[in-house]
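Here is the structure we will look at, set down as structure tokens.
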Amino acid sequence: MARFRPSNILGDPFALATISISILAWVIAFISSIVSAINARGYPTYSWWGVAYSLCIILGMTAVFGTDTGSVYGVAIVGYLSAGMVITTLGVNSLVYRSDSASQAAGAGFILMSMVIVIWIFYFGSTPQASHRGFIDSFALQKEHPGAYGNGRPMSTAFGNRPETTSSQAPQMYTSAQLNGFETSSPVSGYPGGAPGSENRSSSQPRFGNPSNANLTANGNENEVPQPTEYPYRAKAIYSYDANPEDANEISFTKHEILEVSDVSGRWWQARKSNGDTGIAPSNYLILL
């Protein structure tokens with residue numbers, strides 16, 4: 001599960017504002033309900049359930065914003081918020097028409113809570129590609145800006161540039177024909193061409209492999225990622241992703257496709273598809289199963 005980070009809330013004006021208003025609304029409803037239950041008769045006991053459920057919603061939404069998992073649990077969030085909307089609305093109906101001011105204040109707290117719930121439903125009930133959601137997220141420090149959306153899916157650059165996949169660049173490989181007399185005359189053991197001082201050594205014989213292998217090593221494999229032997233994790237794609245044609249290490253996949261993952265510590269995960277294709281995939285496109 002994603003770690004809770006207070007910066008996800010403090011750096012997001014939308015999350016900070018809605019959570020703060022919901023806490024204020026709950027405090028008003030809770031304190032007013034206590035005063036009304038003490039001073040007035042016949043306080044509707046059902047409203048206490050509305051107070052308790054509203055507190056659960058606030059705690060749950062704080063956890064969602066803090067872990068930045070709204071896109072993962074969006075459907076469940078909207079379901080719980082819809083139930084909370086019904087409960088708080090019934091609480092308003094049973095309190096706002098009473099004669100004592102404490103009950104009316106509790107009803108006002110439920111009204112304010114209902115307004116926040118409506119905003120949350122509109123936000124989490126929309127896809128991440130919705131224009132209003134992109135506009136809201138543009139003010140957050142930890143989320144993608146509206147320009148990061150394209151082709152029906154967020155750009156993976158929201159998680160930063162892909163880290164280097166090799167510890168050092170592979171050396172350029174040449175043949176003696178390509179060196180054209182510039183090769184070293186000192187003996188190098190372990191390569192074709194005979195032992196040091198051998199009369200059979202020929203300048204036309206490749207010293208560092210044949211040209212096809214040299215060109216392949218120089219151009220095709222210098223950024224190749226070492227392939228892991230184990231894939232202990234399974235992940236499901238929540239968006240479709242098209243690999244960058246300029247990067248042979250990336251892998252394409254479709255929405256809802258199941259991938260095997262070898263390491264989940266970074267922001268780019270080494271993954272393997274069901275057909276055996278391997279490569280790296282952006283972690284914000286995947287959810288662990």
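A Cβ is built for glycine as well, from the same backbone N, Cα and C atoms used for every other residue.
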Membrane topology agreement for Phe4 and Arg41 per Swiss-Prot = no
Using a Cβ cut-off of under 8 Å, list the residues of the same chain at least 6 residues beyond the transmembrane segment (46-66) that approach it.
-> 4-6, 8-9, 12, 15, 18-19, 22-23, 25-26, 29-30, 33, 73, 77, 80-81, 83-84, 87-88, 90-91, 94-95, 106, 110, 113, 117, 120
Residues sitting near the transmembrane segment (72-92): Cβ under 8 Å, six or more positions beyond its termini, same chain?
-> 29, 44, 46-47, 49-51, 53-54, 57, 60-61, 64, 106-107, 110-111, 113-114, 117-118, 120-121, 124-125, 238, 287
Taking a Cβ cut-off under 8 Å, which residues six or more beyond the ends of the topological domain 'Extracellular' (93-104) line up next to it in the same chain?
-> 32-33, 35-36, 39-40, 43-44, 46-47, 110-111
